[in-house]
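Only one structure is covered here, and it is reproduced in the block below.
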Amino acid sequence: MAPAVLQKPGVIKDPSIAALFSNKDPEQRYQDLREIGHGSFGAVYFAYDKKNEQTVAIKKMNFSGKQAVEKWNDILKEVSFLNTVVHPHIVDYKACFLKDTTCWLVMEYCIGSAADIVDVLRKGMREVEIAAICSQTLDALRYLHSLKRIHRDIKAGNILLSDHAIVKLADFGSASLVDPAQTFIGTPFFMAPEVILAMDEGHYTDRADIWSLGITCIELAERRPPLFSMNAMSALYHIAQNDPPTLSPIDTSEQPEWSLEFVQFIDKCLRKPAEERMSAEECFRHPFIQRSRPSDTIQELIQRTKNMVLELDNFQYKKMRKLMYLDETEGKEGSEGNGASDDLDFHGNEANSIGRAGDSASSRSASLTSFRSMQSSGGAGLLVSTNTTGAMDNVHGSSGYGNGSSSTTSSARRRPPIPSQMLSSTSTSGVGTMPSHGSVGASITAIAVNPTPSPSEPIPTSQPTSKSESSSILETAHDDPLDTSIRAPVKDLHMPHRAVKERIATLQNHKFATLRSQRIINQEQEEYTKENNMYEQMSKYKHLRQAHHKELQQFEERCALDREQLRVKMDRELEQLTTTYSKEKMRVRCSQNNELDKRKKDIEDGEKKMKKTKNSQNQQQMKLYSAQQLKEYKYNKEAQKTRLRSLNMPRSTYENAMKEVKADLNRVKDARENDFDEKLRAELEDEIVRYRRQQLSNLHQLEEQLDDEDVNVQERQMDTRHGLLSKQHEMTRDLEIQHLNELHAMKKRHLETQHEAESASQNEYTQRQQDELRKKHAMQSRQQPRDLKIQEAQIRKQYRQVVKTQTRQFKLYLTQMVQVVPKDEQKELTSRLKQDQMQKVALLASQYESQIKKMVQDKTVKLESWQEDEQRVLSEKLEKELEELIAYQKKTRATLEEQIKKERTALEERIGTRRAMLEQKIIEEREQMGEMRRLKKEQIRDRHSQERHRLENHFVRTGSTSRSSGGIAPGVGNSSSIQMAM
């Protein structure tokens, strides 16, 4: 379930997301909240669930402030993630509450983490213990990776342990809901190279968790991850550009060599190319994980850690009781000098013991623990991680105290004795923890860790004890407060007796067990409150990288939107152009058809008009010809009549002869008229044939002209469309180049900002280290005069003792010499011996003065030499880290330039390919247009030839028919000969 995009953090409109949260008051359900750790989002608390009667861990996450939206989205992601995953080796999700601007994420309570164990025990784990923890962790990772999820923050601080020796994977605030991912997130020392370079080189997969697991194995084996002596920011650069880390060489006299399976397991987990690493399933099947081991390995490890925590807390309690008792006794005696000496002696022993452990190791261990807690999101709420400074101070302080008391006997003898009942009570196995100085001032309750029962006894659960057990515990607490496993805070010592008993019963009922001492928790809080530390720097750096990634995503979305808008615009332009051209084609073709129809109609009308005119002319000529023939007929008839009359023929014969003459004349007249009519008809037909041929030729020319115009229109439209496509290609090219330039400018700006942040962080780290070293040297310089005075006093004391011894010896020697010399020489001898004695004492004084000067000079030179060596080592270390940073920045800058060059080349190739394809398409369409023009012309020529052939055939058939029929009227049945031909 992806986080919803909300207008205001804390306001939920999606019912599916609202179902994840409860608006009830969590303070009414959970009681006895006590802080047990700090995370990057807030604090983690132990609490008691009154409804379900069980102990839980509550992670309070505030989502107010400048980054409220980002915090709220992260909360939604983590809550949604935990609500969807269920696995025996993943911390159980209980509930989630919203109270004002704080989210209460309730999960199962675990007693500590794997990091707590190595910090408390102050040594690495054995292989069998590492394998047991990794086996259950890999089981959880297999489940996550099968869901295409990436944890992205695997480390010992996020591998929790329950009181039943079950490993629980926690802290999903950095988890990714998709695989692959592309976000810079995680703890620096455990981040895979591809995660560090996520924004520069692309995405990463679930193999990033395998790298973190390999680093975690080294952490469990060596107490701290590789490169931990470096600045956290410098570690990022080192991981990104150097070879993978390996196990450090070990002293075989103290522990056995690492097995080949373990070395190979880490080697396969820490392959720099992600594809060469094992998957979670392959890791789980590795011989190192699958080899046999005792079933109670983790339980025994937890028990040893609990015992150590108990000893450390008891030591803190003893130290506080002794300091309080000594202050009271020295105040009564009023011996200010002795009190100062005793206090100096006590703290001096402690300081010496801690100094033997090594200041650098202690401070680095403290930073490791605090860094673990700060980088985690408070996972499971459970013990986020451990600060080892308290553990180291406690252990060394304990051993140092014993040694110190034997080495400073004179000081110890001046101390008043500590009552035996106090020593006996504080050494009882059931004694609980006592808060350190900070915890007393803050009135924080510290609860002891109850020893884990033996295998024969049932494993304690988080269920409350019975009433009988509670009553017996109350009685014990009332009878002997120092012999209980629970100790009330200082402020509770003044509570009413009944209230104290109720509080003790409540605390006993909750069974608060942890693998961390109270001093560790207090120091973790102090580390968290420091300003400008590496945690804040890393947080700012992560936010910067994530902000850059978010800005890039938004830019890519905007570019995609611009490209889509341009595509829609170009498609719309093409569609509009196509529609316009289709309409234009239809209009042109309609106009051409109309013109053809008009021309055909004009041809028909012209033919009809010509026929009508010609017929009228023929009729007129026929009338004239008939009249002429009639005149000729009359003339011939009169001539014949005159001729016959001249013959004086009988009337009947005359009449018969006249009839024959008239008949002959009529036949001649009719024959001539018929011939003339045939002539006129032939002339008309010839005229019609000429007209039709001429009009058909004109019509064909018109059709060819119109067809050429149609092809020209199509060609013009094609050229216009090609111009539009070229313009759109240029628009697309300009937009892509603009986007690429903006992207490159943004990446360069991001890189410069990132480099500035990295350089500023390195400078701050350098300044902080130099300031700390200067403070340390200043402290040593301020401490040196007191140390020199003490040693000078010791030398002078030795001098006085030697002088006293020599004086006694001189007196004895003088007495002996006086007794053996005469009395008159005694005075002279005494004077000479006294003079010799004075010279010896003066020489001895000179020697002691020289010894003091030499001691002061040696100490000063030695201190200065130490300080110079420390300054030189620190300068070399910081210079090396700065060089690595510069090299890393040069590499990233070169990588970016190479990437920019590749992207520009790729874009130019894409643009060139598109341009070539467009030009090829234009050429092909033009060739198709030319081919279409040629084919159309051929088709028109063929059609016109066929039409002319049909017309001639029609003329032939019509002419033969007319001649055969003879009596058909002119023009009848021939008016549609052109249409028939077409």
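A Cβ is built for glycine as well, from the same backbone N, Cα and C atoms used for every other residue.
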Region 'Disordered' range according to Swiss-Prot, out of 281-306, 515-540, 879-904, 957-982:
957-982
How big is the gap, in Å, between the Cα of G42 (ATP binding site) and that of D153 (active site, proton acceptor), rounded to a whole number?
17
According to DSSP, which kind of secondary structure is H38 (ATP binding site) found in, if we only use helix, strand and coil?
strand
Neighbour count first, Cβ atoms within 10 Å, every protein chain included; then name which of I36, H38, G42, V44 tops the list of binding-site residues.
V44
I'd like the number of other C-beta atoms within 10 A of the C-beta of D153 (active site, proton acceptor), please.
25
Could you put numbers on the helix, strand and coil content of the region 'Disordered' (592-620), residue by residue per DSSP?
29 helix, 0 strand, 0 coil
